[in-house]
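This report concerns only the one structure given below.
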Amino acid sequence: MSRAESHSIHTGLSGRMLLENPLLNKGTAFTLEERSELDLHGLLPPRVETLEEQCRRAYKSFSIKPTPILKHIYLRSLQDTNETLFYALVQRHLEEMLPIIYTPVVGQACQRFSDLYRRPRGLYISYPERARMDAMLANFKRNIEVIVVTDGERILGLGDQGVGGMGICIGKLSLYSAVGGITPNQTLPIMLDCGTNNQKLLEDPNYLGWRHERIDDEQYYEFVESFIKALKRRWPNALLQFEDFAINHATPLLEKYRDELCSFNDDIQGTAGVTAATLLAAAKAADKSIEDMKIAFLGAGSAGCGIAEQIIRLMMAKGLSEEEARQRIYMVDRFGLVHDEMSDLRAFQQKLAQKHDDIQPWMTDGSVSLVDVVKHAKPDAIIGVSGQPGLFTQEIIEQMSENHEQPIVFPLSNPISQVEAIPEDIIKWSKGKALIATGSPFDPVSYEGRSYPIAQCNNIYIFPGLGLGALASGARRISDGMLDAAVQTLALSSPALINRESPLLPTLDSIQRVTNDIALAVALQAQKEELAPETELTEIEQRIREKRWSPEYRRIRMSYC
């Protein structure tokens, strides 16, 4: 049997049914031989195109769409028609298309999900149908390796989007395949529809989700528990990523299930990982060591606290005690600096609270603002995860610049409308001194004859490699050590380590290499912690190569059995 024959796909589908299957459809790239064998003559224009020719034509169609949301709709339609072409196109234009298929444009798509819905993709499990959960999972006959699940309650910085949260899961899995090389037919987006408290959605006659207020916590945790059990019965070895769960659920779910199955929360751990790696790169560029730095956060939710805990682990790895490391972290929320005499702190916030007696002299009207923290603690870096625009004011940036030669400023909130400060203002207010990374994409900033590239602190730098490494190694869980390995690998990939005028994170044209490096580091750490079977280095490298799927057409043959 020839190599081409051995890589053929055999299917029982033919004619229009084959063209309706996005995983198999090749459109105008079906050869004349395939068209004869698969009953496609007359169903396609006569010209046979190559994948490259299809990509050029598709890119032209993409380019003429006048708005970002129309570009998003076009790409989603292409994905639902021909997945191979979709991924080939995205890989060729990743930097341009990443903001379209994911943040920030995916936020608009989630808000308009019910109006834009065209074709089914993924699994919807609503609370009233919870008894059918096993049957729902059984509807997917293929082996699933990566699942992204949401309940739609905290979508980006947009809040409760109900069933529209499915858009986030679809977008995230698109990146697992485009960047991490995970085979698309082995991924599954899942929406746990627990209702919505978004009154606008409840009153929208076109809303496609369960039109009901969100269930209470007792019902909620029972629902999620039933889902996890059903998932373990159906796909016990799948990687599960929790996506955009509300603060009051995200951390408890992560802590409960991270040791039960191979799972992680990208908003907590993925965001923490990429931010910590970017901070390490910024520290190096500013001639500082992480263990000597003080870090202030605006936003003390699960994402901010997750980043803080990751940084604390980095500081402890450099020799600080846990107490010493925690003293260098300042968490500011809407009530001011978090301290140990505040009431109603969540468990993950209590661990990061400053001692009231230590910060009492900084208080103004009974609380300590971010301005007060910057003036008195003089943090080397400020990190914004507040979801509130404009809170990194000119006063704060100017004070940071007075305190430090190269202040580190990370306004990470998404989408762009919610960012704490735009890079152009930060550069201007700091007189070009600030080292910046943002959560949303921004163009380079020109200031006094110099161009300042802005790194996007995007989780895409972490989660595809983390997932690929876990799957290739057969890891049973995602440990802190595996995340730390990803962080260190990404930090070492920073162009700023070679040229201080370069961005803090690698450019997207090198992300495939970075993803492979992270996957290898994660896999080796899993083996070191005995979370995966031990192998030779060459074997795990081979597994990573074999796991990577590429968007290429394969010969499709009719199966007659």
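We count from 1, first residue shown onward.
The backbone N, Cα and C atoms fix where each Cβ goes, glycine too.
The structure displayed is predicted, hence computed values, not measured ones.
Straight from TrEMBL, the features:
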- 79-258: domain 'Malic enzyme N-terminal' (DOMAIN)
- TYR102: active site, proton donor (ACT_SITE)
- ARG154, ASN414, ASN458: (S)-malate binding site (BINDING)
- LYS172: active site, proton acceptor (ACT_SITE)
- GLU243, ASP244, ASP267: divalent metal cation binding site (BINDING)
- 268-527: domain 'Malic enzyme NAD-binding' (DOMAIN)
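DSSP assigns LYS172 (active site, proton acceptor) to a helix in the three-state reduction. The Cβ of TYR102 (active site, proton donor) has GLY171, LYS172, SER174, LEU175, ILE460 as same-chain neighbours under 8 Å, each 6 or more residues away in sequence. Sequence-distant neighbours of GLU243 (divalent metal cation binding site) (same chain, six or more apart, CB under 8 Å from its CB) are VAL148, VAL149, THR150, GLY165, ILE168, CYS169, LYS172, ASN265, ASP266, ASP267, listed in sequence order. Each residue contributes its Cα atom, and for ASN458 ((S)-malate binding site) and ASP244 (divalent metal cation binding site) those atoms are 15 Å apart. Sequence-ordered, the extra residues of this chain that approach the divalent metal cation site, with Cβ no more than 8 Å from the Cβ center of GLU243, ASP244, ASP267, are THR150, ARG154, ILE155, ILE168, PHE242, PHE245, ALA250, ASN265, ASP266.
According to DSSP, ASP244 (divalent metal cation binding site) sits in a coil region rather than a helix or strand. Under a cutoff of 8 A between CB atoms, and with a sequence separation of 6+ in the same chain, the neighbours of ASP244 (divalent metal cation binding site) are THR150, GLY152, GLU153, ARG154, ILE155, LEU156, GLY165, ILE168, ASP267. Counting only residues at least six positions away in the same chain, the Cβ atoms of THR103, PRO104, GLY107, LEU156, GLY157, GLY439, SER440 sit under 8 Å from the Cβ of ASN414 ((S)-malate binding site). Within 10 Å of the Cβ of ASN458 ((S)-malate binding site) there are 27 other Cβ atoms, across all protein chains.
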